[in-house]
Amino acid sequence: MYVIVGLGNPDKKYEHTRHNIGFDVIDALADKYNISVTDKKHKALCGSGVIEGMKVLLVKPQTYMNLSGESVAEVMNFYKLDPDEEMIVIFDDISLEPGRIRIRKKGSAGGHNGIKSIIAMTGTQGFSRIKVGVGEKPQGWDLADHVLGRFSSEDRAKVEEAIGHAMDAAVLMMQGETDKAMNIYN
């Protein structure tokens, strides 16, 4: 089984904000593959199903971003899965412009508190990830205000395209085609 985690914050007021782009990708995967992500367990909303013939668990941690690792570690431990081999984490990246995605096989947190938490709680940096660009904060803005803000209509259109790319990349990665996904989307 593969676990695909989308990072975000649980309150309704955060829906479709920059920081919740991971949730948006999970919702799009759930819609496309008819998976209900409504089971409340492991401090998350979870949904199991099949994507392109592979068993998958879609996960939206409900711990708030900075504690995402609590939920992720609980999921991986419960199912006895290796995060380095059986998990993809999807999250926002302010260093990428809206509409871009970047795939990594492993790496540091790069300043992202949700990823810091996952690394701390799972004990590894070796998990695959898909970063979805949300754009740099405007000069003089507070970072929290930027990532908790919504996209302009122009940027939202670009982000919708990126969500589709992130979904396609996740499927390729589950199929063992991470290098191919990187060549297409990075």
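Cβ atoms are placed via backbone N, Cα and C, with glycine included.
Remember, it's a predicted structure, so these values are computed and weren't measured experimentally.
What Swiss-Prot says about this protein:
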type	residues	note
SITE	Asn9	site 'Discriminates between blocked and unblocked aminoacyl-tRNA'
BINDING	Tyr14, Tyr64, Asn66, Asn113	tRNA binding site
ACT_SITE	His19	active site, proton acceptor
SITE	Asp92	site 'Stabilizes the basic form of H active site to accept a proton'
Largest tally of Cβ atoms lying within 10 Å of a Cβ, found at which of the recorded positions Asn9, Asn66, Asn113: Asn9
Nearest-integer angstrom distance between the alpha carbons (Cα) of Tyr14 (tRNA binding site) and Asp92 (site 'Stabilizes the basic form of H active site to accept a proton'): 13
Those recorded positions of His19, Tyr64, Asn66, Asn113 having Cα within 10 angstroms of Asp92 (site 'Stabilizes the basic form of H active site to accept a proton'): His19
Per DSSP, three-state class assigned to Asn66 (tRNA binding site): helix
Integer Cα-Cα distance in angstrom, Asn66 (tRNA binding site) to Asn9 (site 'Discriminates between blocked and unblocked aminoacyl-tRNA'): 9
DSSP three-state assignment (helix, strand or coil) for Asn9 (site 'Discriminates between blocked and unblocked aminoacyl-tRNA'): coil
Separation of alpha carbons, Tyr64 (tRNA binding site) and His19 (active site, proton acceptor) (Å): 10
Nonlocal neighbours by CB distance (under 8 Å) for Tyr64 (tRNA binding site), same chain, sequence gap 6 or more: Asn9, Pro10
